[in-house]
Structure formats: structure tokens, C-alpha cells
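Read through the structure below, which is laid out as C-alpha cells, and then see the notes.
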Amino acid sequence: MNLRPEEISSVIKEQIKNYSMQLEVSDVGTVIQVADGIARIHGLENAMQGELLEFPGDVYGMVLNLEEDNVGAVLLGDMKNINEGDTVKTTGRVVEVPVGDALLGRVVNALGQPIDGKGPIETKKYRQIERVASGVIARKSVDTPLQTGIKAIDSMVPIGRGQRELIIGDKQTGKTAIAIDTIINQKGQNVKCIYVAIGQKASTVANIVKTLEEYGALDYTTVVASTASELAPLQYIAPYSGCAIGEEWMESGQDVLVIYDDLTKHAAAYRTLSLLLKRPPGREAYPGDVFYLHSRLLERAARLNDELGGGSLTALPIIETQAGDVSAYIPTNVISITDGQIYLETDMFNAGFRPAVNAGLSVSRVGGSAQIKAMKKIAGPIRIELAQYRELAAFAQFGSDLDADTKEKLAQGERIREILKQPQYKPMPVEYQVIIIFAATKKYLLDIEVSKIRSFEKELFEFIDTKYPEIPASIRDKKVMDEECEKALITAIENFKKEFTN
């Protein structure tokens, strides 16, 4: 064998030339205990709260507890292959999710990874899931309506862009239905939607995605799903991920709607984590910072000022109550954080009054500034007339000899209740809401039988569309009900009534 020294020396010289004295420093620790999705790690003196940790086998964890002699971390993946004695590295990063228009029409998990089988998400932009909410100076007051397409909400508890409105009610009262209808109603309104499913059955989420697809709403919607079968840490970070995806659009001057369905399960997932991390339990076994858990999430909803692009992020958190108990711990917390609540009642729902919005307990703390002028002008009496109806209906059960005035108030209340009923997945454009509410509040429905109100409404819209198309067009474009428009509407209703009663 012929050795050539000059060749060997040139290779060695080349390697010496390329040698660099760069050290790769990483803080490492050792797993001392792993169970229930929680790992305790010895070492990692420089770990930060919320930092990502790298475990063997491409599993990541997140630091939640910094104790004297160890670090408590939650695992964001399968813990099967993690054992005591394994080496863990810090990454110097916190949890990030992909953001941008590539996420529209997609279903992702809490880490932003696609789970809809439509291939990878083409985006180079990432955002940290936790962020300090915009300050007072960065915001401006809510003044643009976000139409839900639901008459009972848009007339009595209007929602503005940048508001946080809680949807609260028992199981099976139509909470998710209101949220989905609101998403469907944003078609063509230039609002991007994010639906965050926390701790729900995978089949339920699949049905929601299918519904959104059917109504053409998935094109402007991102679904972030952390189902009941997933680990508690993923359910815990899901709403923050959804919020981060929305903030990217908000900061580029767009309007975003985020639905958190629901925060009761989110709080339960956080309680699970906290108890496993041996944090001291408080009321209802929730940890002491469960208020901060939701306040730091919902406070990120905002309407930015014009210098920052004037974008908005509207939040509709959902809370599930037990037997209508609004004064439990989590419901009272979220009620105090949000700018109003839509309270859904089981009795109304079972009586066929759907959406089952209780007008007495539902409020919007933004109010009239989140309505178009036309709606503000005509929807005022509805709440009072409904309240009078409820009060009188209770008395009317006892006595039959009622005076004419009382009978009229009862009849008027019944008709208003009837026009507020609405089928699911049929949101109504605001101009048509204004027309039917105008007809009801101006007492044009008093001589129509209650059973015929729904068909009256349907046929009235058809009549106006064919003979007076300028009325809805005027309300839609000008957003006000001027004298001319009001006169035309009165004429249209009176002409239609002659046809309808004949």
C-alpha cells in the first residue's frame, strides 16, 4: 500500500484551517420524575417561566414551575419514550405558532400544526402565543358594529368590533350555534374568524368544520382544535394560540373575530395542570391565578387606534354553567372581565324560543355605539316591551278580566317574542332586521295572528325585494332610517298587509 505523505498533510492542513473555536453552550438538566404529562427536572438553573424545553425523541415541554431544586414542566407531546435520567435542554424560546393568511380554511392543533390532512402550512412567520395586551394609548373606543345576524342580539345586546362579549348558559342551550351563526354572517364583511375548540369531542369539531364548509365560511376561518383526547397542556395553550393568530391580522389593520369554546373546559385543564404541579388549590380547587389565566387572554381583544392601523380583535368567550348558576367561580370571573354577556336560558330553549337569549339578564356594556343608527333608532322599545310582557304575563295567569291596555301590551309582547325567533344557520342581514323590528315596534303586527308572524315576515321581505328594493338598499348603504325611507317603509308595510290579510 503506497502512502503519500503530502496528500495526508494537505488534508490535515485543510481541516486545521476550517477548525473554529465555537462552543455550543446549552443549559442541560436531568429528568427526575415523569408522570401524567408532567416532568420534574433537576438542573436547568437558567430556565425561564414559559420557556420551551427539548426532551429526547423530538418531544417539547414548557416550563411552568420554577422551584428551589427542580423545574416543573408540562409535556406538549407523547411521554411514552421519556424516562428518568434523560437529558433535557433549554431552547431559549417560548411556544410559537405559525401565523398569516396561509392558515385560512385550515384546521390546526394548539401548536399550529395542521390536522386536516391538507398538507403543510406555507408560512415563514411565527408569533409567540403569550403577549402583553395593547395599552390604553394604543386603543380607541369601540364604534363599529360586528353584526351577528341574530335579531335578538343585534337589536338588544349589540356587539362592536374590539369588544369582548360572553356567551353563557347551560349545556344544550345553543351557545355554539350562536357563535357559528356569527361566523357565517361575516361572509363578505371583511372579518377573519378563528374558532378555538377546547376540550370538545373530535366528532363535534368535525361537524362544525363541515357546517362552516357547507356555508362557505371556512374560506375566511381558522379552526384551532384541542380535543378532549389531547393532553391538558395543549388544551391550556389552545386559546392563546388562537389569539396570537388573530393578533397578526389585527396588527395589519384587519378585523378579526375569535371564539373560545369554551373557557370552562380551559379552566378545568389549567386546574389539572396546577394540581399535578402541586400548586396550592383555592376555591373549587382552582389555583389562585385562574382569574389571571382568563384576564390576560381576553384583555388582548382590542380596537387599535388609527396610527396602528385601526384593526380590531373581537372575542366571544363561551362559558357553560351548571343548572343556571351564574354565580359560580369561573362564570363570575369571566363576567367581570368581559364587556357584557349573552345569557341563554334552558327553559326558553325547551319552550321553542330559539335563540334562547334572556333579554333581562343579557347586556352589552358598549351598547348603542355598536349599532347602526337605523337599528338604534327603532330597537329602543323592544327591551322595555319585552320586560312589560314578562311582568304582565305572570299576572295574566291568575285573572281573565284584563283591561284593553293590558291586553294590547300582552299581544305586542307576544309578537315581539315571535319575531325574535330564528332558525339555526340563517343569520339575517341588518337591513332586513331593521324592517321587521320597525313593523313590530310600530304595532303593525297587532292584527296578525301569532302563528302567522313567521310567514308574514318571510313574505314581507319577498314583497319588499320585488316592489321596493330601494328600502333595504338605502338602510344598508346609508345606515340610517331617514324620513323618506321611513315613509316608503310604512307605505310598503301597509300595502303588503292588504295583500296578506286578503
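Note: Cβ is positioned from N, Cα and C throughout, glycine not excepted.
For GLY169, ASP170, LYS171, GLN172, THR173, GLY174, LYS175, THR176, the entry in Swiss-Prot reads ATP binding site. For SER362, the entry in Swiss-Prot reads site 'Required for activity'.
Counting other CB atoms no more than 10 Å from each candidate's CB, the binding-site residues GLY169, GLY174 peak at GLY169. The binding-site residues considered are LYS171, LYS175; of these, LYS171 has the fewest other C-beta atoms within 10 angstroms of its C-beta. For the pair LYS171 (ATP binding site) and SER362 (site 'Required for activity'), the Cα-Cα distance reads 18 Å. Of all the recorded positions listed (ASP170, GLN172, THR173, THR176, SER362), THR173 sits in the most crowded Cβ setting, with the most other Cβ atoms within 10 Å. DSSP assigns LYS175 (ATP binding site) to a helical segment in the three-state reduction. Neighbouring residues of the recorded ATP site, listed in sequence order and excluding GLY169, ASP170, LYS171, GLN172, THR173, GLY174, LYS175, THR176, comprise GLU320, LEU344, THR346, PHE349 (Cβ within 8 Å of the Cβ centroid). The separation of LYS175 (ATP binding site) from SER362 (site 'Required for activity'), Cα to Cα, is 13 Å.
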